[in-house]
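Everything below concerns the one structure shown next.
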There are 2 protein chains.
Amino acid sequence: MTLRVLGVDPGLTRCGIGVVDIERNRRATMVAVGVVGTSAELTLDRRLLVIAQAIDEWLDLHQPDVVAVERVFSQMNVSTVMGVAQASGVVIAAAARRDIPVALHTPSEVKAAVTGSGSANKDAVTKLVTKILRLDAPPKPADAADALALALTHAWRAGNGTGAPGAKGSSALTPAQKAWAEAEAKARRAR
Amino acid sequence: MTLRVLGVDPGLTRCGIGVVDIERNRRATMVAVGVVGTSAELTLDRRLLVIAQAIDEWLDLHQPDVVAVERVFSQMNVSTVMGVAQASGVVIAAAARRDIPVALHTPSEVKAAVTGSGSANKDAVTKLVTKILRLDAPPKPADAADALALALTHAWRAGNGTGAPGAKGSSALTPAQKAWAEAEAKARRAR
């Protein structure tokens, strides 16, 4: 059985979208990746419409089992956070309209899941996403890699909630699992 | 010629929606008003779906010429601002899908337009909305009155951009127009 996850790194200027198939043995394969960009010269309604239409197309084309969206924090840069939240609302509602489950993951959960460290930088995430998905080149821009990382994170967490492939159980936590558990606890506190 | 404006005071817990017809002579008549509430016990995707479906129904039923939405500020209460922004994104995208123009107005613009003071309280807004629309009783909750106030604000501003009915021009500003101009200038600075 393969789980298909569509990950979204929401944003008005660039909205990263990535689709990944994850097999029961946790092997992950990239199906598609892309970025939808909108110009700041457009009005907000036009920008959100472009994003809404793109998400609709991706959902219709790839028919994911679940949609994973980055959880937006109000601690972000105030000049961009409202647009990010509005875009995420559009994406989440589009999935809900199709009765596709939506999962939210924090940036630190994603970093921990993919790199083993909840405080990894964007380069490290991109590098590991490239390796995990056996890609010839790193997905660009970073928003595209982040969308794939979100999809991977969701699939692995949904699988057994403990970590990346190779995780053996909670009695002997790997560094990645430990970082993950810490990131999760932190995210829970922040909710 | 009558302008039909659908105003929305976005929110996850309560989303106020109000439809107003405004004649050329600025006489305004309420067509419909309501509040869509969602429980905090629902997941975010279910909550946004309820709002999306409600907005779709209102847009289909009332066929407004324009949708006026409260402009969300990141200075709001951080625990609610993300949900408000996500709900507003869903509303704005729903209008954009139907090619209905969307206008955003700040709370101080609305207060200034309806009461003459950009710093009026909610009670004053409700009271004047009730009077302007010749309603038998004040619309409740406040979110419903706010939605109607947004619709009125948009129609009046779109009309000549100077203020409420009775405005004579910018050479002799009434107190309401002055407050309005100040609120606008403030809003522009905040953008």
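From the backbone N, Cα and C atoms, a Cβ is placed for every residue, glycine too.
TrEMBL annotations: computationally assigned, not manually curated.
Per TrEMBL, the feature active site maps to B:D9 (among others). Long-range C-beta contacts of B:D9 (active site), restricted to its own chain and to partners at least six residues apart, with a cutoff below 8 Å, comprise B:C15, B:G16, B:I17, B:E70, B:D143, B:A144, B:D146, B:A147, B:L150.
The feature active site is assigned by TrEMBL to B:E70 (among others). When Cβ atoms from all protein chains are considered, those within 10 Å of B:E70 (active site) total 26, not counting its own.
Taken from TrEMBL, the feature active site covers B:D143 (among others). Secondary structure at B:D143 (active site), taken from DSSP and collapsed to helix, strand or coil, is helix. All protein chains shown were included, and the count of other CB atoms within 10 Å of the CB of B:D143 (active site) stands at 25.
Taken from TrEMBL, the feature Mg(2+) 2 binding site covers B:E70.
According to TrEMBL, the compositional bias 'Basic and acidic residues' annotation covers B:181-191.
Residues annotated as region 'Disordered' in TrEMBL: B:159-191.
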